[in-house]
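The annotation compositional bias 'Basic and acidic residues' is assigned in TrEMBL to 537-547. TrEMBL lists 260-547 with the feature domain 'Major facilitator superfamily (MFS) profile'. Taken from TrEMBL, the feature region 'Disordered' applies to 492-547. Under the heading transmembrane segment, TrEMBL lists 74-95, 107-127, 139-156, 162-185, 197-218, 224-242, 263-291, 297-318, 330-351, 357-376, 397-417, 423-441.
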Amino acid sequence: MGSLKRSQDELAVKQTSCGFSIFQMPSEIFSDGIFVFSCISMFKCAYSSYKIITPNLNHTSKEVSMSAALSNRFYSLFASVFFLFAGFGLFLNSAGVKLAEMGVNNIVIGALNAAFFAGASLSAVAGHRIVSGVGHIRSFSVFGAVFAMASLTHLMTENLTAWGVLRVVLGFCYFSMLMIAESWFAEQSAQEKRARVLAVYNLVYYFAFTLGILLLSFDSSSDNVFVLGTLLVMTAMLPVSLTKMKAPQVPPRQKINVPRVLAIAPLAFVTAFLAGVLVNGLFTMASVFLLQQAFSLQQISAFLTSAMVGGFVVQLPLARLSDKFGRRNAILGCSALACVAALTGLVAMAMQLATPMLHNAVAFVFGCGLFGLYALSIARANDQLPNNMNTVEVSRSLLFCYGLGSLTAPLLIGVVMDYAPHLGFYALYVLAAGGLAIFAWKQNVVPEEERSVFVNVSGNTGAMAADLDPRNNEEDDDFDEVVAQAHVDNLDNIDMPSESEPADKADMMEAESANQVQAEQPTAEPPLESTNSETLETDKQNQDKPL
């Protein structure tokens, strides 16, 4: 355990030093292609030094090599999701740039970006029906082909209504392809290996998504961005089309009472919703905000890459801190950190002191504070459920809340930026992150012995990612709202808010003293009764004796 702890500490130092090295580069690196290769080299270094720490259900850890986590049958799937995530990162962050260059106002840009996540919602409802009808491989190819056609159609028209329809189609096809890949991962992974597969899956997401962002820094026209994104998604079709793996079964959809689960774990749901607002609001509207501040594409790419680096380096420290101090305190710390960063950017913009370096520093802190909120929300919900209860439906409900926040974010930020172009973006982040910090501060801390295992997951995944979570054991009991609510009530009785501790202690001492008095009274009575009875017996015997 000592060597494992030292290796974790060394890894945390390596990741943090890799992240902060981005701010030690000369400023001219941020304005040309050298920045691209510098960041890729930095991530390659982090990737090669990263050892997957996989938690198990007994709160212990195992250190495994990357080659042990990757079996041969997963190479094709990881290759496919790599190109999918890269194309997703490029499309998600470039749409706002293209629309801003066309002179579209912020509200319409927000609505068109929200259309992508509307397609994601449709995928969760109807995507599995198509897969069940024609099979996984055919469906994957069909979704990829339709995605390519919708992407290239952007080059043929500038009609905004047509763009809205195309964005819905893109979101539907992308998340349907991701659902197919994740269902393969979930079925082909044994229960004891799912933590390793999920760890590699998250690494692929961070590396590929950042690569898609870095492609923005190339000096190419916005039309070429659509062509490049299409090539990435079509490349993702090849490994799956050539795979020899057996197609998995799509599990039947199960309904869940979202308001009831919201009552059971309110902090988890609020955190998941605001995580969707803050994270995908950053990806969809930050490029528009920076473009209005006369930023170049290279500087926009540097800003978004800084956020991804911050989210990457904070994963392991966040897991350890949340296990030690609790999910509520971790959510409170992350949201407060993001609020301070947004407030710094807001003050700098108001005083006209903002520089590209300052924006990059704010983005890095954003990544540290925001990118772990969704994983903390799932851990918080699992902490409040019995250990033997399957939480896959709760995880899907939290993913639904995250998606709802992602759908709301571009619309909300677009309206705010339309009324306050220079200060609205950071002001909204101050309010949202600060509000989450205040809400978390008012919640109880789950006792350490009742906490579940923390697993790093990303919200920008498909609907089947919950089945890949190693905490969701198929042998566990089904989700029961009544049992879960009773367990939460029991936790609330155990753990009291910190601000009321002195009064509670005084009440407890009073109650203990009263109990002692009551306990002494019944114990004092029997001796008196026994003494009186003995005295009467003695008197009677004395009377019976002859004189």
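Using the three backbone atoms N, Cα and C, a Cβ is placed for every residue, glycine included.
Because TrEMBL annotations are produced automatically, they should be read as predictions rather than curated entries.
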Contacting positions for the transmembrane segment (423-441) when only residues 6+ beyond its ends and CB under 8 Å are counted: 267, 270-271, 274, 277-278, 281, 285-286, 289, 328, 331-332, 335-336, 338-339, 342-343, 345-346, 349-350, 366, 369-370, 373, 412-413, 416-417
Chain residues in Cβ proximity to the transmembrane segment (224-242) (below 8 Å; excluding those fewer than six residues from its ends, i.e. six or more beyond): 75-77, 79-84, 86-87, 90-91, 94, 97-98, 137, 140-141, 144-145, 147-148, 151-152, 154-155, 174, 177, 180-181, 212, 215-216
The transmembrane segment (263-291) touching the transmembrane segment (357-376) per 3+ Cβ pairs under 8 Å rule: yes
For the transmembrane segment (107-127), distant same-chain residues with Cβ under 8 A (at least six beyond the ends): 91-92, 95-96, 99-100, 160, 163-165, 167-176, 179, 280, 284-285, 288, 400, 403, 406-415, 417-418, 462-463
Residues from the same chain, set at least six apart from the ends of the transmembrane segment (263-291), whose C-beta lies under 8 A from its own: 92-97, 99-101, 106, 109-110, 113, 116-117, 216, 299-300, 303-304, 307, 327-328, 331, 335, 338, 359, 363, 366, 370-371, 373-374, 376-378, 380-381, 384-385, 394, 397-399, 401-410, 412-414, 417, 425, 428-429, 432-433, 435-436, 439-440, 443, 459-460, 481, 484-485, 488
Among the ranges 74-95, 162-185, 297-318, 397-417, the one whose Cβ pairs under 8 Å to the transmembrane segment (197-218) are most numerous: 74-95
Arithmetic mean of per-residue pLDDT over the domain 'Major facilitator superfamily (MFS) profile' (260-547): 77
